[in-house]
Amino acid sequence: MQTMLSGIKPTGRLTLGNYIGAIRQFVEYQDEYEMYIFIANLHAITVAQDPKELKQNTKDLIALYLASGLDPEKVTLFLQSDVHQHAELGWILTCHSYMGELQRMTQYKDKTAKGETGITAGLFTYPCLMAADILMYDADYVPVGVDQKQHVELTRDIAERFNNRYGETFRIPQPLTPKIGAKIYSLQNPTKKMSKSEENPKGTIDLLDDPGVARKKIMSAVTDSLSTIQYDPDTQPGVSNLLMIHSSLSGESLESLVSRFQGKGYGDLKKETGGIVFDFLSDLQSRYRDIIASGKIDEILREGNEKASRIAERKLRKVKKKLGFQILK
Ligand code: AMP
Ligand code: TRP
């Protein structure tokens, strides 16, 4: 069985973009692959976090993973910080990455270009830690949204470099982006990604938003004045985004939606999409509440941590041997 791995940072509340672009894929693939899914809390602290909020977001994230359908019997679910080998391998790979490569990473480049101050060294080197997360478990595939593809490509380069230098050590991973919904856009600014950090709350649907509020956000989504329903992200980004959200959650193809909405108005599309989002969030949140109430999260994490640690330790030992760290037989 091939291996698949992915992680999400527990920063801010999860959005519909996270669900459609990432979590949904994890659930779809869990039967076909050996899956590792983790909470990337070491990555979260690349920007300042309030410990109380971080704790709450972490719990919510795990509960939402489970509520979305991840089955702990099939998936190894763990906290990154519980498996200390990640930080160790992260350092080793930092020493096998170049400044130039890291300077090209969009996240760092954008923040620098905007003139942001207080950029931590961790934010700069974090793609090396991400490479460690992936290479530790010999992942064949890494399902991510398009914005993370670049990091998986860097991971491939680092892995190839390491293998060439020390002999076969790491499997070369491939990014896997969803065909539909790889990027969900802000409802208020449909050329920008729907993001946890967006300032205008009307642009973003949180997975824990009141379903009625979420429906209102869809109803007030920005569209255009062309008055025709087509899937064309360049000329009609707002309408295309709504079609994408509808299609991702309802399973109806974009073609079928477009033909069904011929001659209808934007209000019709919004009403139907709003209803689908309402039902989706209501079901998800009811499962989320059951999971929190069940008190099972601790046990699930403990088991995930044990399994991940075992595999990580084996890999790290191999790496240390290759590097010449091991002097005793
Ligand atoms: P982040 O919220 O940046 O930690 O991202 C967690 C995962 O969700 C990554 O795989 C992202 O690519 C994905 N993701 C985040 N926002 C979106 C979005 N608006 N559309 C699609 N995927 C997204
Ligand atoms: N960097 C990813 C993000 O910001 C989260 C992440 C950390 C991740 N390690 C990973 C994703 C390994 C996939 C594989 O969303």
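For all residues, glycine too, the Cβ spot is worked out from N, Cα and C.
The record from TrEMBL ties K9, P10, T11, G17, N18, G145, V146, D147, K193, M194, S195, K196, S197 to ATP, and of the options I158, I184 it ties I184 to that site too.
Long-range contacts of the motif ''HIGH' region' (10-18) within the same chain: residues 39-41, 44, 47, 49, 54, 57-58, 60-61, 64, 145, 183-184, 193-197, 204-208, 245, 277, each at least 6 residues beyond the stretch ends and with a Cβ under 8 Å from a Cβ of the stretch.
In three-state terms derived from DSSP, K196 (ATP binding site) belongs to neither a helical nor a strand segment and is classed as coil. Of all the binding-site residues listed here (T11, N18), it is T11 whose C-beta has the fewest other C-beta atoms within 10 angstroms.
Checking the binding-site residues T11, N18, V146, I184, M194, K196 against ligand 2 with a 6 Å cutoff on the Cβ atom leaves no residue at all.
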